[in-house]
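Colleague: Structure provided below as structure tokens; questions to follow.
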Amino acid sequence: MEFDTIAAISTALGEGAIAIVRVSGDDAIEKVDRIFKGKDLTQVSSHTIHYGHIVDLDTNQVIEEVMVSIMRAPRTFTRENIVEINCHGGLVSVNKVLQLILAQGVRLAEPGEFTKRAFLNGRIDLSQAEAVMDLIRAKTDRAMNVAINQMEGRLSKLIGHLRQEILETLAHIEVNIDYPEYDDVEEMTHNILIEKATHVRAEIAKILETSKQGKILREGISTAIIGRPNVGKSSLLNSLVQEKKAIVTDIAGTTRDVIEEYVNVRGVPLKLIDTAGIRETEDIVERIGVERSKEMMSQADLVLIVVNYSEALTNEDEDLFRAVQGKDFIVIVNKTDLPQEIDMERVTDLAVGNRVITTSLIEEQGIDELEKAIADLFFEGTIDSADMTYVSNARHIGLLTQAGRTINDAIEAIENGVPIDMVQIDLTRAWEILGEITGDTVHESLIDQLFSQFCLGK
């Protein structure tokens, strides 16, 4: 496949030590060499770095002092010639370098175009390309490991094996249909076909078993901290974040808006939402905050209910317990450093089997137990993201689910005595659906849509 030469700034814009301009294309080296004062880049070896200066050809003025990396096709990310120019960080100089490159007839890259070329040139498949963005967005070590595993092609290999098994079954059916007179070909009986289809269905189900944990690692858990005013919600947020993000006072109703913060709890990414204290109020601004708190509570994956150890449960407390029934929630009984007034038996009854953790946030007690409870709630035992293949992408999960249903339709058809050549249609469809995960059978418009979500320069 032949493409034009593209360039973009690959590092985040702003002040910093280093900024990188990436150029990819058959004549990338020649284009950069025109504005580079130093060694003749067209003659240097691949995968080498060279010191020099970028020069404005119109004024012969030195624009930047740079280090230039030369990588020759096909041993590059895009399988094209790649040049990476390491400039000083900042807005003016790096943009000037980019402008000088574009002036040589190079096109500004679209978002994700470098990774798209890696896919179109066969270096990576679609699932590996999507893992690149997952790695960039990873918020925990576990999420990073899952993304790296997918980038290395672990999911691709699993999908490839399944597609190959379906393809061999389809070929076997085809031989039986077209050449029934061949005695040396094993007859594709209904029993053999059910056995093969059942195995594929089981393998798909096995992959999908990791989807809940995979999605959590990729997207995080939306976690709402709720409770009456002044029970310690903001203190809980600050303790989990290990930084003062929310105002903590003895004045009820201090938090009037929703505060969001990402935090890594034992490898589990939480999107923490500290809500306004829920109570009846005449204050218009506070009332708006209370309504938003209830909305966030209904949308959250996990709810942390905070109650006060030094106060008896109120009707408002009990209403909160009723409101979260059917959701994952943990009860935090805070302020155990003060005399007990709360009925712990009643709290346990209202928790209906969910974990109850006692804390004294002012004395930093109970946070470790809470973090363990959160991790245990979503990950039974230990999660080994280094050795397992987790499916975390919603697109992949949807396609695997669809393929599993199609295989199930094929099995039901076989059991109902449908002719094998009709069953072949369902198996072929399942093979095509699985191919959409790796990009083997995906439509071009979907490819464009997926890569448009990438950042510029990647």
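Glycine residues also receive a Cβ, built from the backbone N, Cα and C atoms like all the rest.
Because the structure is a prediction, the values reported are computed rather than measured.
So Swiss-Prot lists these for the protein:
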BINDING   Arg22, Glu84, Arg123, Lys458  (6S)-5-formyl-5,6,7,8-tetrahydrofolate binding site
BINDING   230-235, 249-255, 274-277  GTP binding site
BINDING   Asn230, Thr249, Ile251, Thr254  K(+) binding site
BINDING   Ser234, Thr255  Mg(2+) binding site
DOMAIN    220-379  domain 'TrmE-type G'
Colleague: Let me know the largest Cα to Cα distance in Å among the (6S)-5-formyl-5,6,7,8-tetrahydrofolate-binding residues Arg22, Glu84, Arg123, Lys458, as an integer.
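Modeller: Per the listed residues, the maximum Cα distance equals 19 Å.
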Colleague: How many Å separate the Cα atoms of Lys458 ((6S)-5-formyl-5,6,7,8-tetrahydrofolate binding site) and Ser234 (Mg(2+) binding site)?
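Modeller: Between the alpha carbons of Lys458 ((6S)-5-formyl-5,6,7,8-tetrahydrofolate binding site) and Ser234 (Mg(2+) binding site) there are 38 Å.
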Colleague: Looking only at the domain 'TrmE-type G' (220-379), what is the model's average confidence as pLDDT?
Modeller: 79
Colleague: Neighbour count, 10 Å Cβ-Cβ cut-off, for Ser234 (Mg(2+) binding site): what number do you get?
Modeller: 24
Colleague: Cα-Cα, whole number of Å: Ser234 (Mg(2+) binding site) versus Arg123 ((6S)-5-formyl-5,6,7,8-tetrahydrofolate binding site)?
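Modeller: If we compare the Cα positions of Ser234 (Mg(2+) binding site) and Arg123 ((6S)-5-formyl-5,6,7,8-tetrahydrofolate binding site), the gap is 48 Å.
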Colleague: Calculate the distance in Å between the alpha carbons (Cα) of Asn230 (GTP binding site) and Arg22 ((6S)-5-formyl-5,6,7,8-tetrahydrofolate binding site), and round it to a whole number.
Modeller: 52
Colleague: In whole Å, how far does the CA atom of Arg123 ((6S)-5-formyl-5,6,7,8-tetrahydrofolate binding site) lie from that of Lys233 (GTP binding site)?
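Modeller: Distance between the two Cα atoms comes out at 49 Å.
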Colleague: Using a 10 Å cut-off on CB atoms, tell me which of the binding-site residues Lys233, Lys458 is the least crowded.
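Modeller: Lowest Cβ count within 10 Å among the binding-site residues (Lys233, Lys458) is Lys458.
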Colleague: Using the structure shown, find which entry in Arg22, Arg123 (the binding-site residues) has the sparsest Cβ neighbourhood within 10 Å.
Modeller: Arg123
Colleague: Let's check the environment of Glu84 ((6S)-5-formyl-5,6,7,8-tetrahydrofolate binding site): how many other CB atoms sit within 10 Å of its CB?
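Modeller: I get 19 for this one.
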Colleague: Would you count the other CB atoms within 10 A of the CB of Asn230 (GTP binding site), including those on all shown protein chains?
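Modeller: Taking all protein chains shown, Asn230 (GTP binding site) has 21 Cβ neighbours within 10 Å.
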